[in-house]
Amino acid sequence: GQLPTWLQGILLRNGPGIHTIGDTKYNHWFDGLALLHSFTFKNGEVYYRSKYLRSDTYNCNIEANRIVVSEFGTMAYPDPCKNIFAKAFSYLSHTIPEFTDNCLINIMRTGDDFYATSETNFIRKINPQTLETLEKVDYSKYVAVNMATSHPHYDSAGNVLNMGTSIVDKGKTKYILFKIPPSVSEKEKKNSCFKNLEVMCSIPSRSLLHPSYYHSFGITENYIVFIEQPFKLDIVKMATAYIRGVNWASCLAYHKEEKTWFHFVDKKTKKEVSTKFYTDAMVLFHHINAYEEDGHIIFDIIAYTDNSLYDMFYLKNLTKDLEEKNKLTSIPTCKRFVVPLQYDKDAEVGSNLVTLPSTASAVKEKDGSIYCQPEILCEGIELPRINYDYNGKKYKYVFATEVQWSPIPTKIAKFNVQTKEMLCWGEDHCWPSEPIFVPSPDAREEDDGIVLTCVVMADPKEAPFLLVLDAKTFKELGRAIVDVEMHLDLHGTFIPEKDLKFDTE
């Protein structure tokens, strides 16, 4: 096929690449050592490269020729200790876990720099052209967080907004929203953006020892949208996991009898909206988008009724007959919540406060809290992406992978949230990855541009490829066949040529 001539830059993606080291194996697919890969578009041609992230974790494991650094689903026991004192000490030192820097989930940009990220307090700077691993940054040196999300947001001024959890710091557990400015000046260059990191606000956790797990958050023009779900970490269990010989993932539990709380933080005043908004128990990983309309905040998410998704990816479950046997017990559902921030304070108890045309409701309760029920937009999509120029604004299109009852995507979809129409691309034995939208330079409409996805074949004899679709029609423009094995990855980003700084440091 033909690639658009304007497509110049790098598609950079990240995901777990290796699951066996020496005689040891990771338990969970999300634990594998990070493998970066990239497609460089230059004058109608595509170049592929891949490289393991040379994290401290990678280096330690490879050197020992076994897994010596714990990951979320795999607890590692370094050398059987020389004596009893050393043993006791190593147990104690694991109380607040020394997390891994195996940053395998996403790519984050700050100023001109790019980082591989996961959900721990470590991120690794990388060179997007050579995929070389550069310095390690520890968030906890700049802000009191023990973990942070892999899905930050970017504002028009080039700031990065992200959230992290601060566990039992000064007797409180809280969710911290922070802002990383782009680098200041050349001479301050080294990590200067982190030195100038600013805490925008903190939201106290409803429970000291059971903070909510979250993978992403939402943002509108004036607000941050954070969902405190009853899928929670048990801090005491986590602190004793090493001694008990279990992994950290076993310290996550879903409390289906509890509520899911919505928090809205005003970006200007840095204060949280005082009304208590909630919905039924749910588990979510990905926010799609959020925006404001007539005094309401509207946000779209992909939610589940249980946490079976994480369990599906234990390697013991990812067997050959994956598609027949391994069924999700809860299908991903795209939900739209419509939350009235401004409403008649004298409204009757039991009345629906949503005044926009929507089947979503927000009902006032006796105690003044507001119970929200969503509108169901569609089912069976995951790994959602949008045209990021519409982030925080009213929008139409979600680009996503289509998953039915198996966790492995078989198609990619373009879904119109306004008309509920869906276009799909799929071929037999193809497993596409998260689709990334790249706007065309003269884009007038939201879907003027292309969609890029990496496709891995279910049959290992068939070559994987990069697929380029016209975002409007969802018709194939071309594909670039890759003659090496390609891994199923998680998330990534497209870096236009103009944003690549050829620095040689």
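Cβ from N, Cα, C; glycine included.
Noted in TrEMBL for the protein shown:
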- HIS151, HIS215, HIS286, HIS491: Fe cation binding site (BINDING)
Check: same-chain CB within 8 A of Fe cation site center, minus HIS151, HIS215, HIS286, HIS491: ILE105, ASN106, THR149, SER150, SER216, PHE285, HIS287
I'd like the number of other C-beta atoms within 10 A of the C-beta of HIS151 (Fe cation binding site), please. 21
Can you count the other CB atoms that lie within 10 A of the CB of HIS491 (Fe cation binding site)? 20
Just name the most isolated of the binding-site residues HIS215, HIS286, going by other Cβ atoms within 10 Å of its Cβ. HIS215
